[in-house]
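Participant: The structure is given below, and queries will be raised subsequently.
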Amino acid sequence: MTYTTRQIGAKNTLEYKVYIEKDGKPVSAFHDIPLYADKENNIFNMVVEIPRWTNAKLEITKEETLNPIIQDTKKGKLRFVRNCFPHHGYIHNYGAFPQTWEDPNVSHPETKAVGDNDPIDVLEIGETIAYTGQVKQVKALGIMALLDEGETDWKVIAIDINDPLAPKLNDIEDVEKYFPGLLRATNEWFRIYKIPDGKPENQFAFSGEAKNKKYALDIIKETHDSWKQLIAGKSSDSKGIDLTNVTLPDTPTYSKAASDAIPPASPKADAPIDKSIDKWFFISGSV
């Protein structure tokens, strides 16, 4: 199944949006793209939000119809991740699994913290730099549990099935074998990346350990089941998430006409980023 993107506005502006299209029609990045590309073999569709080594904090918006990817803001200003030495921007292709939801109404029994109200995050570790709105087919290798400001924020470690090393990577121990140091660097980056913005160091459940593939698959299924309750209108509190979709006629928020209401593509050249975003931050004890 092939997906394309529809860009509106210039990257690095408040107007920037990327919709995902199927057969030229916008679909919801949150609800319409199937979680499973191949359920029998546990191959998942991943929606790429942030390409590796970039700084703009892009995410699937929860509040807008068909959930385009936009740049996050704080107090009306665009958000960028700072460069924490020796890293530059995000250290992986960063995105999410569609049709998943980390339920903020439920506390996880092992992390003792509620979900973060987002689709589950995915860190794709392959060699190719992805692009915003790309739908990759990946396999899950393991999972980490970030505790972000009191919420459980799962991070699935995955690899594009077309990556040259994908056949050799089948569980979390293979990551350390073929990508030595990557899991340690991932743990470090998530611990420190908010410090330059004046926030405390993040914490991890399980002492920062990356759990194995089986554990990851169980968590992915849990978040998929939570999404099923959400899209069916059965969640105790949907937290204002826009549930409009164009492919799920049995749901109360199905609207085939929603695609036609989306503006046509109007891409513009990337807007310049303030030079201050290039700064490197040196954090004690981070290397």
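Note that Cβ sites are derived from N, Cα and C of the backbone, with glycine treated the same way.
Annotations for this protein, taken from Swiss-Prot, read as follows:
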ACT_SITE  Y90  active site, proton donor
BINDING   R79  diphosphate binding site
BINDING   D116, D121, D153  Mg(2+) 1 binding site
BINDING   D121  Mg(2+) 2 binding site
CROSSLNK  K239  ubiquitin cross-link
CROSSLNK  K279  ubiquitin cross-link
MOD_RES   T65  phosphothreonine
MOD_RES   T251  phosphothreonine
MOD_RES   S266  phosphoserine
MOD_RES   S286  phosphoserine
Participant: Rounded to the nearest Å, what's the C-alpha distance separating D116 (Mg(2+) 1 binding site) and T251 (phosphothreonine)? Just drop the number here, would you?
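Facilitator: Distance (Cα to Cα, whole Å): 24 Å.
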Participant: Given the recorded positions Y90, D153, K239, S266, K279, state which is nearest to T65 (phosphothreonine) when distance is taken between Cα atoms.
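Facilitator: Comparing Cα positions, the closest of these recorded positions turns out to be K239.
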Participant: Counting other Cβ atoms within 10 Å of each Cβ, which of the recorded positions R79, K239, K279 scores lowest?
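Facilitator: Minimum Cβ neighbour count within 10 Å, taken over the recorded positions R79, K239, K279, occurs at K279.
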Participant: Nearest to S266 (phosphoserine) by Cα distance: which of the recorded positions R79, Y90, D121, D153 is it?
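Facilitator: That would be R79, nearest by Cα distance.
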Participant: Can you tell me the three-state DSSP label for D121 (Mg(2+) 1 binding site)?
Facilitator: strand
Participant: Which residues, same chain and not among D116, D121, D153, have a CB within 8 angstroms of the centroid of the CB atoms at the recorded Mg(2+) 1 site?
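Facilitator: Here the nearby residues are E102, G115, D118, I120, L146, D148, E151, T152, W154, K155.
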Participant: Write out the long-range same-chain contacts of T251 (phosphothreonine), meaning residues 6 or more apart in sequence whose Cβ is under 8 Å from its Cβ.
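Facilitator: Correct list: I231, A232, G233, L243, N245.
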Participant: Give me the Cα-Cα distance between K239 (ubiquitin cross-link) and the residue listed as 'active site, proton donor', rounded to a whole Å.
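Facilitator: Cα to Cα, K239 (ubiquitin cross-link) and the residue listed as 'active site, proton donor' are separated by 27 Å.
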Participant: If you measure K279 (ubiquitin cross-link) to the residue listed as 'active site, proton donor' at Cα, how many Å is it?
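Facilitator: Computed Cα spacing between K279 (ubiquitin cross-link) and the residue listed as 'active site, proton donor' is 14 Å.
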Participant: What is the separation, in Å, between the Cα atoms of D153 (Mg(2+) 1 binding site) and the residue listed as 'diphosphate binding site'?
Facilitator: 19
Participant: Show which residues of the chain containing D121 (Mg(2+) 1 binding site), separated from it by at least 6 in sequence, have their CB under 8 Å from its CB.
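Facilitator: Residues satisfying the criterion: Y94, G95, A96, D153, W154, K155, V156.
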